[in-house]
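Okay, so here's the structure we're looking at.
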């Protein structure tokens, strides 16, 4: 008993060490591989046209999905090279496949900036992840078929075969889960079902998954090189390849566990939401009243019901005391009938039962020449979150972003925002990612949301915001902008002393 406990303790300690190393590798991979590649390739990819026009007909010749299909087709030449003992060529083809895995995401981002949302993000996320699994499974299977095991000991053979087959098994199961999630999300979107069931988490790859793919690709590439040795597992490339595969097993398990837990949570949320909607009027008012506050929070996300409740929260609260309330019919729009029972029974429910707002809602902006559009945005944020937290760019960063000096000083812009926000902080850089990361709390019980105008959907820090919270785009307020006010200010030559101070601060 004591020996078993000691062995389990050692294994647990080793597991924690491996996990800490893997998370350091995740951070390094993001900083030193993915981000530099994206920065370097984005302007190059932007120069390549997406369409080719022939006799007035446009044909798509370059897109993220085409890149994904191309790298999937590489599995055939990889297998052929292994069969014909072109090991270095197969090694380079695996590395080229890994490079294309980066490229398809960069192409998607670049073309979205140029052409708008031309690609289906649901299909793109599914293709990106599923194509990796096809190549990995068939490449590992080809390696097992071409490896000569006659000179290996039984221990070496077991380690070699087990490492490859475990990865094949995980990739197959993850592929099945991906396919199920994709078609589920696809048909829910087709049938215009509840948005809570359609999440980017269903199909979009997270950074841990990306690191898993890189480790598997490196493992496969080195095993291709190892095939040139008489005993592949004893060569430096064979040892490196097996080590990469073993490290990726932990990430593959974590990835599968995460997807299955997310699926179970969605099922529980569906059941909870259906219970609320199906609660009968007679004899259940007390239980109904108890259920609403907790279960509506679970169903929040970005569902149609929650969008409606967030936008009409002030209307419903102000009308609770009115016995002759007439808003039940007027404030409902088409497609929102699912939540009608909730407000029809408002007289028996406490006021705060309808407060389905997230705990904290964030945004970042310039807020120069504070106008009604800014006020509308902040008021909408208050309707969506209990605490409004706003980052305001300083004058130097605005000059770098927009090549102009703001009229109002940083202090004045922050004070204007503070009238409508609970917390205001200064963003002293063009990319607010690190500032948002520092201001975010780690309380797992809190729900967060990032709000942005729909006029700029590819905003800096979008990757962080989508990874840490819900991102919601609000409609742009037409007819009001700082640019129009700026023109009127310049026309009347009313520059203001604060703007002069900011100019001096930037240029001196």
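Please read every residue number as a count from 1 along the shown chain.
Quick reminder: no glycine exception, Cβ is built from N, Cα and C everywhere.
Which of 203-220, 221-238, 239-256, 257-274 counts as transmembrane segment depends on TrEMBL, and there it is 239-256.
As stated in TrEMBL, the feature transmembrane segment covers range 36-53 out of the listed 18-35, 36-53. Helix, strand and coil content of the domain 'Cytidyltransferase-like' (362-475), in residues and according to DSSP, is 44 helix, 29 strand, 41 coil. Summarising model confidence by region, the domain 'Cytidyltransferase-like' (362-475) averages a pLDDT of 87. Counting only same-chain residues 6+ beyond the ends of the transmembrane segment (160-179), those with a CB under 8 A from a CB of the stretch are 126, 129-130, 133-134, 136-137, 140-141, 143-144, 147, 149, 152, 203, 216, 219, 223, 232-233, 238, 242, 245-246, 248-249, 252-253, 255-256, 259-260, 263.
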